């Protein structure tokens, strides 16, 4: 009897073979759920929440976040897979598949009496060799627009249908190239993702500037200005109460009137400074002038600015203030004491767009913008959410490729070649740990197998063809999902991220090893002691 039973009779215990069987079945259960998602031909899943909200997705990360997973081992694998997505932006589904397959292959040997510890030693040896092989096959190349488009397309086609993926690919790559600075890390926060429930998903576009989700608050302000100066500020243009509790006693109405005037004058002086600057820089020309303020602007100030032909937007979001100066140039001001023409940014076109009851302000045609907006359009909420998730993954894929400075062939080509390299390496591993290396090699083949299966081809037949082609030509050959025949991934432009594959090998091996070495599962928390 388990020792914990003596201490706590209500504890649930699974030992040795039973514990392993529970863990392996959990991993395989999760693998079966995500199996059909893999690759461009993967199928969709419909998630219905408790409140009845529906989500359509084939993104493994979204699925694992939204699914309610009861089993502790399955939950552990899900956390590892979502962590993979948080770090590298891709590889969630592959992660779950490989962990499940590693455990399945190990189970075959364990059922024949091999100790899990020996298999895990084989896994470690195989991982070292696999990482070494990955270093050899990675393709270091100049990350030009063509290569980045191939990388983004490979990532996006696994999330959305091909036609939409091609539209998003261009937008995603151009947005990264717009914000990229020489020898500086890429900051993806400088790409605003704005949703608009309007038109169809293929109308999604890249705006080389900014889109704000509100409009001007005065009916007489211009709806469209061209060749505009942009003043970005965080200065209150409305009467605010003092920070300390102060009062004012007056004896007559005149004194009260004086106080009101003094309070107004304080704001009016600020507005006058803006108007003076506008007259100074615009003169008699018909150039536009736009004020974007993070704080409030009261109706009197709006009216005064409107009469001067100035467009004023109030209560802009804080995250957009930094993006504004990067997109248009200029400096964000916290006071008007040192207001000068040098503080102004510039945009070729600023216009307001009304959609139903919502208003959007577009700031476009900026010179050399360092912050851009991806405007996602779609007929309904499901489509918008799906595109948003896909775009985020696409951005990460392009960023990874630039950061790595190299890519690896996709379409299951790396896995097939890696499995063959491991089998050749097997004799150099001592003793029974060779079986662990064999199990690891077989487990990696789950990726090309599932890619072929999801495309409607016979998985064994396809795999044999690819392995034969790889052995003959020595090239990295993957699955052509349209014909089921072997193809040279590099020639077609199917590229995966190097860092995703590297992270996959590390995390899958660690988790599979840890799960195999569990020989007792105890559910004996405080809750089971009650009663």
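Glycine too: its Cβ is placed from the backbone N, Cα and C atoms.
Per Swiss-Prot, the feature N-acetylalanine maps to 2; the stated evidence is a large-scale study or a structure entry.
For 5 (among others), the entry in Swiss-Prot reads N6-acetyllysine.
For 39, 91, 92, 93, 411, 412, 496, 501, the entry in Swiss-Prot reads ATP binding site, with the evidence type experimental evidence. Taking all protein chains in view, 29 other C-beta atoms sit within 10 angstroms of the C-beta of residue 92 (ATP binding site).
What Swiss-Prot records for 39, 91, 92, 93, 94, 158, 159, 411, 496 is ADP binding site, and it gives experimental evidence as the kind of evidence. Around residue 91 (ATP binding site), the C-beta neighbours below 8 angstroms that are at least 6 residues distant in the chain are 84, 85, 500, 501, 503, 504.
As annotated by Swiss-Prot, Mg(2+) binding site applies to 90. Within 10 Å of the C-beta of residue 90 (Mg(2+) binding site) we count 29 further C-beta atoms, all protein chains included.
The N6-acetyllysine feature in Swiss-Prot is assigned to 199 (among others). DSSP classifies residue 199 (N6-acetyllysine) as coil under the three-state reduction. Just so you know, the Cβ of residue 199 (N6-acetyllysine) picks up 12 other Cβ atoms within 10 Å once every protein chain is counted.
Annotation comment: Swiss-Prot describes 205 as phosphoserine, evidence class a large-scale study or a structure entry. The Cβ of residue 205 (phosphoserine) lies under 8 Å from the Cβ of 171, 374, 375, 377, each on the same chain and at least six residues away in sequence.
According to Swiss-Prot, the feature SUMO2 cross-link maps to 251. Using a 10 Å radius centred on the Cβ of residue 251 (SUMO2 cross-link) and all shown protein chains, the other Cβ atoms total 7.
In sequence order, 227, 228, 229, 281 make up the list of same-chain residues 6 or more apart from residue 287 (N6-acetyllysine) whose Cβ falls under 8 Å from its Cβ. The N6-acetyllysine annotation in Swiss-Prot covers 287 (among others) and rests on similarity to another entry.
Look at Swiss-Prot and you will find 365 (among others) tagged as N6-acetyllysine. Under the three-state DSSP scheme, residue 365 (N6-acetyllysine) falls in the coil class. Other Cβ atoms within 10 Å of the Cβ of residue 365 (N6-acetyllysine), summed over all protein chains shown, number 17.
Residues or ranges marked as N6-acetyllysine by Swiss-Prot: 377 (among others).
Counting only residues at least six positions away in the same chain, the Cβ atoms of 193, 195, 376 sit under 8 Å from the Cβ of residue 388 (N6-acetyllysine). The N6-acetyllysine annotation in Swiss-Prot covers 388 (among others), and the record cites a large-scale study or a structure entry as its basis.
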**Request:** For residue 287 (N6-acetyllysine), name the DSSP secondary structure in the helix/strand/coil scheme.
**Result:** coil
**Item:** Site of maximum Cβ density within 10 Å, from binding-site residues 39, 412
**Value:** 412
**Request:** Around the Cβ of residue 496 (ATP binding site), how many other Cβ atoms lie within 10 Å? Please give the count over every shown protein chain.
**Result:** 27
**Item:** Among 159, 199, 251, 365, which are recorded as recorded positions, the nearest neighbour of residue 93 (ATP binding site) by Cα
**Value:** 159
**Prompt:** So of 159, 377, 501, which of the recorded positions has the fewest other Cβ atoms within 10 Å around its own Cβ?
**Reply:** 377
